[in-house]
Amino acid sequence: MSMAASTDSQVQATAANPSTHAPPPRRPRRWPWTPYLLSAPGLALFAVLLLVPLVMTFLLSLNSFSFYGGIENVWQIGNYADIIADSYFHEVFLRTFRIAAVVTLLCALFGAPEAYILRRMKSPWRGLCLLIVLGPLLISVVSRTLGWALLFGSTGLVNQGLMAMGLIATPIEFMYTETGVIIALTHVLVPFMVLSVWASLQRLDPQVENAALSLGAGPLTVMRRVVLPQIVPGILSGSIIVFALAASAFATPAIIGGRRLKVAATLAYDEFLNTLNWPLGATVAVLLLIANVVIIVGCNRLVERRYKQVFE
Amino acid sequence: MAYLVLDQLTKRFGNWTAVDNVSLTVEKGELISLLGPSGCGKTTTLQMIAGFLDADGGRVMLDGQDLLAKKPNERGLGIVFQSYALFPHMTAAENVAFGLEMRRIARADRDRMVADALKLVGLEQYGDRHPRRMSGGQQQRVALARALVIKPSLLLLDEPLSNLDAKMREEMQIELRRIQRTVGTTMILVTHDQSEAMALSDRVVVMNKGRIQQVATPQEAYDHPANAFVANFLGRTNLLPGMVGGGAGGTVITVADSVWPVAQPMAAGPGALAVRPEKIGFVDAGGLSGTVLARVFQGTQWLFEIETAAGRLMVIRQHDGSPLPAERERVMVGWRTDDMAVMPADREAA
């Protein structure tokens, strides 16, 4: 408002030039509706499809449930107290975040070098290899995970192959283990890390590596002292994406982990559809969301503070 | 014995020969420019000296040692890149210290050398700034300090001033000259800007299409270009077609209705005469006749365009009060024979 007023008075001052005595042109004052109108459809969609369900889930988590009475429309925090008190739930949440953390670490370990190597590849191979890396994203998560189940089974290709080579005597347990879930999730989520690191590599001046070489640094030192520090923000933002997706993944833990190895997402699903304890399922979902947001926002803060000086 | 020797250096990219048998000797402490239009092979030559590109043929000897046999990180050269290529995650002082760290120089000595280098480029107060928070000119100075602090046997500058605005560029030209005088490092400067090359270099190497056209002091190359390309690339020039032949007093070149003695021995046949606009004057007799097409006042000087039988000529005269011809006036122009260059009619008229 004050901005608009001062602009107007400036216009008048310029127009009130002694040589021209015409009345200053007065533009009709308009309320700035346009931005709101333009974003209204998006905001409405966001509200109806995300905000309302989230609020409803939260309200549901405050309801109580009894085996005979079903869902009772009361407002209490008993479900939260139950989860916080029960060591079974602790185990599930702990497992969820342990899996997410290990998957994130593996994605960083594989994804960052992958992106770097991809960038240095020559033209036809680069496109081809990028397609292979992004391939997992093009395949339905269920068929991709079932593929892993076929490979991992006790009579699957991996175990058969290892046994035929005489490396192992009995099949390794992949199915229904954390190892299996971690391998399958890493495969699915590595593309996000590659894309994120790729984006930060694009901003890297290719001459910087030559500059370090000319100053006497060996190839490994160039990597450690010059390239790595510059792609750390990419690795960290990729880690945030991977962690969030891994912690809330459903299909992969459901198929590879099954009932025996529950994570927060499959736990909520079972509470909803098998036990029919909707309020408890909603509580698990809300707690997963809160934990995810806290961890991710915390990490993001850390990254922003650490790298504010260098990248802006 | 020459300090740096390029011997028949060659680089091909597929069918395209980017650098074609380039041979050059540079004396210790000299500042020499590789000058030419883009794609002339100057940057490729520099990259081969630095080791970022492998040569397809030839040798590079620095102080009697074969440079091409060494890896880029073992050559000990200082390089200033066109994009500066500073490490964005390090402060100016850390950038400058990097090369010293790689040489495992003790902390105390390192700090002192970094401070000296920053002082040399006039940035002693900016040591703990990150490059992103510095202006282009300041980044340029940090890059220079980083390359100089390792006391390189040779400093390569790749279009170092091309990203600066005109005013900064002039300042940095003076700065570069001062630093070169102070430290006495042998420098090779790659540039497409002829005024930059002229202002800075002891000698210029004019290149075109991967070949060296002329190696000379800036003044010599300007006054006596070896061929039409050099004449055209360095400043404005008039190139007049003529016929070389034997005369009564030696070799002469005939341009339209005028005859000029040729100092150097030349075969008879078609030739060209190059003469700078500011070297041409109006004479009463014994010159080339023509008509003034246009005259333009430019403050300190007048610019004339004159139509002659040998083509249009550009003439620049000082605005010093002496009478000058009007438009459409018949005139006769001439020049001292020392101020002209005669060359064979060119295969590559640029």
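Quick reminder: no glycine exception, Cβ is built from N, Cα and C everywhere.
Here's what TrEMBL has on this protein:
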REGION    A:1-27  region 'Disordered'
COMPBIAS  A:1-20  compositional bias 'Polar residues'
TRANSMEM  A:36-60  transmembrane segment
DOMAIN    A:93-299  domain 'ABC transmembrane type-1'
TRANSMEM  A:97-118  transmembrane segment
TRANSMEM  A:125-142  transmembrane segment
TRANSMEM  A:181-199  transmembrane segment
TRANSMEM  A:235-256  transmembrane segment
TRANSMEM  A:276-299  transmembrane segment
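Non-local neighbours of the transmembrane segment (A:276-299) in the same chain are 54, 57-58, 60-65, 70-71, 79-80, 82-83, 89, 93, 96-97, 236, 239-240, 243-244, 247-248, 264-265, 267-270; each lies 6+ residues outside the stretch with a CB under 8 Å from one of its CB atoms.
The largest share of C-beta pairs under 8 angstroms with the transmembrane segment (A:181-199) comes from A:97-118, of the ranges A:36-60, A:97-118, A:125-142, A:235-256. Long-range Cβ contacts of the transmembrane segment (A:235-256) within its own chain (Cβ-Cβ under 8 Å, at least 6 residues beyond either end) map to 96-97, 99-101, 103-104, 107-108, 111-112, 141-142, 145-146, 148-149, 152, 174-176, 180-181, 184-185, 188-189, 192-197, 200, 262-266, 269, 288, 291-292, 295-296, 299-300, 303.
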